[in-house]
Amino acid sequence: MRWLPTFLSASLLAATGALAAKKSTEERFKEFHAKSLSSTPVKLADSSYRSLTATPRDYTVAVLLTALDARFGCQLCREFQPEWDLLSRSWIKGDKPGASRLVFGTLDFTDGRDTFMSLGLQTAPVLLFFPPTTGPHAASSPEPIRFDFANGPQSAEQVHEWLARHMPNRPHPAVKRPINWLKWISTFVITSGSLTFAYVAWPYVLPVIQNRNVWAAISLISILLFTSGHMFNHIRKVPYVAGDGRGGISYFAAGFQNQYGMETQVVAAMYGVLSFATISLAVKVPRIADPKVQGVAVLAWGGILFVMYSFLLSVFRVKNGGYPFSLPPFM
Amino acid sequence: MSANSVQVLANAGKGESTRTLLRVIILLLIAGAAIASRLFSVIRFESIIHEFDPWFNFRATRYLVAHGFYKFWDWFDDRTWHPLGRVTGGTLYPGLMVTSGAIYHALRALTIPVDIRNICVLLAPAFSGLTAYAAYLLTNEMTPSPSAGLLAAAFMGIAPGYISRSVAGSYDNEAIAIFLLVFTFYLWIKALKQGSMLWGALCALFYGYMVASWGGYAFITCLLPLHAFVLICMGRYSTRLYVSYTTWYALGTLASMQIPFVGFLPVKTSEHMPALGIFGFLQLLAFLDYVRSAIPSRQYQTFLWLFASGTFGLGLLVLVVATSAGVIAPWSGRFYSLWDTGYAKIHIPIIASVSEHQPTAWPAFFFDLNMLIWLFPAGVYLCFQQLADEHVFIVVYALFGSYFAGVMVRLMLTLTPVVCVAAAIAISNVLDTYLDARSPNPEDHQVDDVSDGTAKKAAKSGLKSTSKPVVGVYSTVSKSIVATAMTAYLLLFVLHCTWVTSNAYSSPSVVLASRLPDGSQHIIDDYREAYQWLRQNTREDAKIMSWWDYGYQIGGMADRPTLVDNNTWNNTHIATVGKAMSSREEVSYPIMRQHEVDYVLVVFGGLLGYSGDDINKFLWMVRIAEGIWPDEVKEREFFTPRGEYKVDADATETMKNSLMYKMSYYNYQSLFPPGQAQDRVRGVRLPDVGPTLNVLDEAFTSENWIIRIYKVKDLDNLGRDHASAAAFERGHKKKKANKKRVARLLRVD
């Protein structure tokens, strides 16, 4: 009797297979293609997903498994969704007769919990590409090919290129981005507005532009920004501050090659104070006519310089553990 | 008696000739200090060429000295980039090699017998002395203060930002390029100040030398036009500017086009376009200037408008047409990576993989410049006081340089000179004020204060802080406090520089040093051990495959042909090596056969905890290979499902089967008692059963396992595939699976 369960399950499998294959592959493609002509990508649920991706199939399927609901907090899904919609729309629009035999589908986690389970997916989004199993473009393996979202959100063009690579000898309708009217109009309005403003305000702006103090301030601020690692923040997109693991805030990142946004601002401020103290000592103090005021100013600026430099050195020792030098207050 | 001698001493410093003598002595001392501080590595290790690129420069120099200049110019190197070869003479900057070749022959002519290697090792320190002098000259153009130049020279001599690329043995293009950079700037300022064609021509000459020496010449090519442009915008167009700029541009461009590697780039690529554009703009301005003197002013206004709009439209049209027709090259990838290294990471992994192309975090600035970094803005501010043409240059250079230094670590080098100059201006300003022995009389200035109103108005165009007249410092206590503090900071700066140089920048990276428990130094010399092994035990034309980092070293030290090296001119070839390293043995073997590889070299730091090894660089190999074969190599597959990069038992199958993993960990577990095998870099325990290698034989492993060399097996004598042949040799039974084997096909080549 040991063969009975095997037989049963086998027949069951055959039955479900027959159920899915009830409609021929041609019929299924027609059905889904018609659907996608009205709205693409086709919104799938568990059952329609199974029917769409059942073997044998002589068409290609690209399914995005995603989790758009706010509950899941999938930032990447939400960022990619418009790109995906754009890609499928421009593809279907460029290929209305369905010559490329490609169906786009989207399966949201809320509609396709079982599919996510059966595929053992832990993350979203996942883009699966099902090659045809029969027909002229049949692939050797019915297994879907998975697109990698490892490098963050992808653009429609990048995914298009990936699809095109897997579908040689078939038409690849290009991605057509709709004209962003709002952007054009707003650019036009802003440009003309600012030109008008510049024309009207020119006599008032001119003295500001020609003012040496303004330029000195701009130069110094940009130098301070650049030398305190602002470009690093910009390129690496570092966090502004981070927790220290005990509920507090850690202002200075551990490690020499690492920094936080706020840390660079603190450093820029320190450099600024030090520079300003130097400038005051060099330029302002010798111009004070009153001896007493001058004496106090020298002491004050000299003291600020000393304490601030000492603090800077102590901060640097946090970053670079082996640094041996320090000045008194912050030893 | 004693008063008399003090008088003599005080007068001694006042004579012009005495001052000159003192200055010469001080400059010589600074040059001595600059050279001495760069000799740590020679004293600690030996007179050896460092790192990677210098080994190629050294090899090229030897070729130049041995074969002469013309042969060097036409050099086709068939021992790199096998089987492609490299037109070396036309793809390098020859300035460095020619300089050391000239020194070598000059010393020979003076009958001083000297080894070319020692010239190469000591070239960078020698030029750093000259750089200090150039900084002195440049600073003297900026300020009347005699001490600023000397301070700038001292800063330039010992600032770690410059030392990092110019220690003894660091025989790289930057060794002479920074001197040329600073000296070209000095000549430019000189030419601009005097409107002199002679100085302009000299500037062009040194610019040509700079182009011949370093790719960073583009920095000058962009900075000088920018300076000219800012001057024009400030309404400071003058015939001085016209003469100096046009002389520099015309002669300098011609000079730069003599270098085969540069060729026609100066008239084609976008990096050079600003210089060309400003050149044309200056011609227009000069023309307008002439017209204005010739026709009445009413007509001149109309003429100006028509002329300006016509020229602008025409220029734009030409630019658009030329770019779309492909006459002007699109902005090159390296250029984009300057604006945004994120661009490079997506599009050009080979650029992003170089650590020098990463953005700079703030500790790096402080590490390389110490207190100069906060004196720098102060110095720039002081330049705004007078804001003559040369001060504008400092301001423009400061902004431009600090932006690029922030984007790319390597460009800290081009920022350092202006930091030194500006900081010297700032600190000399403070010292001049507080070291002045004369004190003003308070009564004189009380009166002045009231009648100050007129003076204030006169100084309206200047800075707000300088609107009052200079009084001076009254109290000796104030003077001594500030002077002492400044001296302390300067001393701290010297200590910092020495410490940084000694600890961070003096390691040859070919030879590693470690400390034994008793504190004595232990030298780890695996690299040279392995390269020596290659030199002595392999055929002279045995091809070595390794990651490109080691290409120059293998060429220089082992003198064996390599597949790829640090020149990185052919991304596909590098990706081929990356694919061979990151694929399964069955995939890699045909690749290696096709490229006639005899030996494969990997760097493995697991035993010693040496973190710069190939497993840590492995992801870049994967990424670069994926860029060319996205379907065969996938970065994702080297990460565990949880997104971790692992090498222990949890490593993915793709990782465990990759050639690089197998070569790194082959037999590694046999060093340890069972279950104890440990990778000290990644800090993980390795599985008991190590990987098996079928297509390679272990040929050599260095003392500390840093370098491992494998021999590529020949085809099997019996025509089996390597896996079954190796299995047979290990004594395994023939598996039944062999029955299924497809009938052997006749190989048709």
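Using the three backbone atoms N, Cα and C, a Cβ is placed for every residue, glycine included.
Feature list (source: TrEMBL):
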type: TRANSMEM; residues: B:21-43; note: transmembrane segment
type: DOMAIN; residues: B:22-422; note: domain 'Oligosaccharyl transferase STT3 N-terminal'
type: TRANSMEM; residues: B:91-107; note: transmembrane segment
type: TRANSMEM; residues: B:119-139; note: transmembrane segment
type: TRANSMEM; residues: B:145-163; note: transmembrane segment
type: TRANSMEM; residues: B:175-191; note: transmembrane segment
type: TRANSMEM; residues: B:211-234; note: transmembrane segment
type: TRANSMEM; residues: B:246-267; note: transmembrane segment
type: TRANSMEM; residues: B:273-291; note: transmembrane segment
type: TRANSMEM; residues: B:303-329; note: transmembrane segment
type: TRANSMEM; residues: B:364-384; note: transmembrane segment
type: TRANSMEM; residues: B:391-409; note: transmembrane segment
type: DOMAIN; residues: B:543-593; note: domain 'STT3/PglB/AglB core'
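Under DSSP, residues within the domain 'STT3/PglB/AglB core' (B:543-593) fall into helix, strand and coil as 32 helix, 4 strand, 15 coil.
Remark: the transmembrane segment (B:119-139) makes no contact with the transmembrane segment (B:273-291), by the rule of 3 or more CB pairs under 8 A. Confidence in the domain 'Oligosaccharyl transferase STT3 N-terminal' (B:22-422), given as mean pLDDT, stands at 88.
Below 8 A, the CB atoms of the transmembrane segment (B:211-234) and the transmembrane segment (B:145-163) form no more than two pairs separated by six or more positions in the chain, fewer than 3 in all.
Beyond the ends of the transmembrane segment (B:21-43), by six or more residues, the same chain brings 13, 50, 121, 124-126, 128-133, 136, 146, 150, 153-154, 156-158, 163, 166-169, 497-498, 501-502, 506-508 to within a C-beta distance below 8 angstroms of the stretch.
Count of Cβ pairs under 8 Å against the transmembrane segment (B:364-384): among B:91-107, B:145-163, B:303-329, the largest is for B:145-163. Within its own chain, the transmembrane segment (B:91-107) has Cβ neighbours under 8 Å at 57, 60-61, 64-65, 69, 72-73, 114, 116, 119-120, 123, 171-173, 175-177, 180, 209-215, 259, 261, 567, 569, counting only residues six or more beyond its boundaries.
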